[in-house]
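Colleague: Before I ask anything, here is the structure I am working with.
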Amino acid sequence: MSRTVQLVVIPGDGIGPEVIAEAVKALDAVTAGSGLAFQKTYFSLGADRYLATGDVLTDDDLAAIRGHDAILLGAVGGRPGDPRLAGANVERGLLLRLRFSLDHYVNLRPTTLFPGIASPLAAPGEVDFVVVREGTEGQYVGNGGAIRPGTPHEVANEVSVNTAYGVERVVRYAFEQAGQRRKKLTLVHKTNVLTFAGSLWKRIVDALAAEHPEVAVDYLHVDAATIFLVTDPARFDVIVTDNLFGDILTDLAAAISGGIGLAASGNINPVGEFPSMFEPVHGSAPDIAGEQRADPTAAILSVALLLRHLGERPLAERVERAVTTDLAARSGQMATASQTRTTSQIGDAIAALAAQN
């Protein structure tokens with residue numbers, strides 16, 4: 001049965017357009033002849049748009065995006081120190097507004113150490129886990145302020161907001177992920193100090209654990225979790241945590257598995273009320289924009305997350321196998337200057353592999 005998905009594509013700034021072109025190339029290759037088609041609508045959003053119009057994300061933009069099924073995003077951010085962007089806060093005005101307006105309450109970050117990819121760890125073992133980070137609460141809701149700013153008596157605060165409703169829905173999603181994987185879930189928090197929020201998270205995890213007896217559940221303080229991420233990452237299957245802790249842990253997870261250049265993420269509305277968004281974790285790297293030096297692998301892995309979210313697991317696995325094969329070939333070459341490929345050449349290779357699988 002044929003199916004058409006309405007896809008928003010936001011190339012963004014810097015290397016964003018280059019890597020997203022290769023992601024779309026891989027998407028088209030893997031879906032050719034499958035009965036799954038993507039109707040793509042491109043949106044010019046980001047620092048360049050702001051410099052041209054003074055707008056980051058208008059209400060009309062948001063309304064148009066809401067009418068689609070999913071979003072594929074490249075990277076957002078202008079050149080650091082550009083005085084024309086002073087005070088614009090493009091990343092917050094675009095990315096956080098999309099996440100909150102579209103109720104992306106799950107931030108999903110898979111972590112895999114692919115064969116042939118070097119890790120800074122001496123003996124990492126098998127690294128294959130996902131972090132399910134709450135995406136719309138915690139310290140990121142903007143509940144804070146300052147009095148007497150700029151004086152020796154300044155007081156500033158950021159309130160972490162945790163609701164039973166918000167925690168329960170992200171924990172349910174994490175249990176579902178664990179049930180589809182190796183059936184282990186680890187709650188990471190700081191219950192010994194953050195007693196109110198920590199207690200809420202712990203009680204909800206314990207309550208839902210009774211509904212999922214097949215899933216083994218454990219708990220780690222966030223400081224202990226950082227230790228185990230570098231001493232025994234193979235112990236993890238699904239980590240569930242709040243917005244701030246998840247933000248920190250996921251970058252550490254990327255660092256032990258090849259770097260953020262290989263890290264993809266999903267900002268997900270699991271119930272499908274709004275379009276979910278998929279993007280590479282890396283930034284816009286304006287210093288190399290237009291030079292065809294950016295690695296599009298993370299953007300292509302974002303396509304795999306998109307396909308998996310849409311229920312197209314076989315197609316997602318084809319993309320993942322293509323990436324695995326390409327990465328193994330790269331490590332075998334020990335790329336010299338003459339062997340280094342351009343952004344589009346990497347995309348061509350992965351797309352060809354995805355089409356064959």
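Each residue's number is its place along the chain shown, starting with 1.
Quick reminder: no glycine exception, Cβ is built from N, Cα and C everywhere.
From Swiss-Prot, here are the annotated features:
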BINDING   Arg99, Arg109, Arg133, Asp223  substrate binding site
SITE      Tyr140  site 'Important for catalysis'
SITE      Lys190  site 'Important for catalysis'
BINDING   Asp223, Asp247, Asp251  Mg(2+) binding site
BINDING   Gly283, Ser284, Ala285, Pro286, Asp287, Ile288, Ala289, Gly290, Glu291, Gln292, Arg293, Ala294, Asp295  NAD(+) binding site
Colleague: If one measures from the C-alpha of Glu291 (NAD(+) binding site) to the C-alpha of Lys190 (site 'Important for catalysis'), what distance in angstrom results, rounded to a whole number?
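Modeller: Counting only the Cα atoms, the answer is 44 Å.
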Colleague: At its widest, how many Å does the recorded NAD(+) site span between Cα atoms of Gly283, Ser284, Ala285, Pro286, Asp287, Ile288, Ala289, Gly290, Glu291, Gln292, Arg293, Ala294, Asp295?
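Modeller: Greatest Cα-Cα span of the listed binding residues: 15 Å.
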Colleague: Note down the number of other Cβ atoms within 10 Å of the Cβ of Arg133 (substrate binding site), including every protein chain shown.
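Modeller: Counting Cβ neighbours of Arg133 (substrate binding site) within 10 Å gives 28.
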Colleague: When DSSP is mapped onto helix/strand/coil, what comes out for Arg99 (substrate binding site)?
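Modeller: For Arg99 (substrate binding site) - judged by DSSP and reduced to three states - the answer is helix.
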Colleague: Taking the Cα of Lys190 (site 'Important for catalysis') as the centre, which of the binding-site residues listed as Arg99, Asp247, Gly283, Asp287 lie within 10 Å of it?
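Modeller: Near Lys190 (site 'Important for catalysis'), where near means Cα within 10 Å, there are no binding-site residues at all.
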Colleague: In sequence order, what residues of the same chain, 6+ apart, have a Cβ less than 8 Å from the Cβ of Ala285 (NAD(+) binding site)?
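Modeller: Spatial neighbours, sequence-distant, of Ala285 (NAD(+) binding site): Gly14, Ile15, Ala75, Ala294.
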Colleague: Going by C-alpha positions, which of the recorded positions (Arg109, Arg133, Tyr140, Asp223, Asp251) is nearest Asp287 (NAD(+) binding site)?
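Modeller: Given the candidates Arg109, Arg133, Tyr140, Asp223, Asp251, the nearest one is Asp251.
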Colleague: Have a look around Ala289 (NAD(+) binding site) and count the other CB atoms within 10 A of its CB, chains all included.
Modeller: 18
Colleague: How far is it from Gly283 (NAD(+) binding site) to Arg133 (substrate binding site), counting Cα to Cα, in Å?
Modeller: 19
Colleague: Taking 10 A as the limit, how many CB atoms besides its own sit near the CB of Asp295 (NAD(+) binding site)?
Modeller: 20
Colleague: Can you name every residue in this chain, apart from Asp223, Asp247, Asp251, with its Cβ inside 8 Å of the center of the Cβ atoms of the recorded Mg(2+) site?
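Modeller: For the Mg(2+) site the neighbour list reads Val222, Thr226, Leu244, Phe245, Gly246, Ile248, Leu249, Thr250, Leu252.
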Colleague: Express the distance between the Cα positions of Arg109 (substrate binding site) and Asp251 (Mg(2+) binding site) as a whole number of Å.
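Modeller: Counting only the Cα atoms, the answer is 9 Å.
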Colleague: Please name the residue among the binding-site residues Asp251, Asp287 whose C-beta has the most neighbouring C-beta atoms within 10 angstroms.
Modeller: Asp251
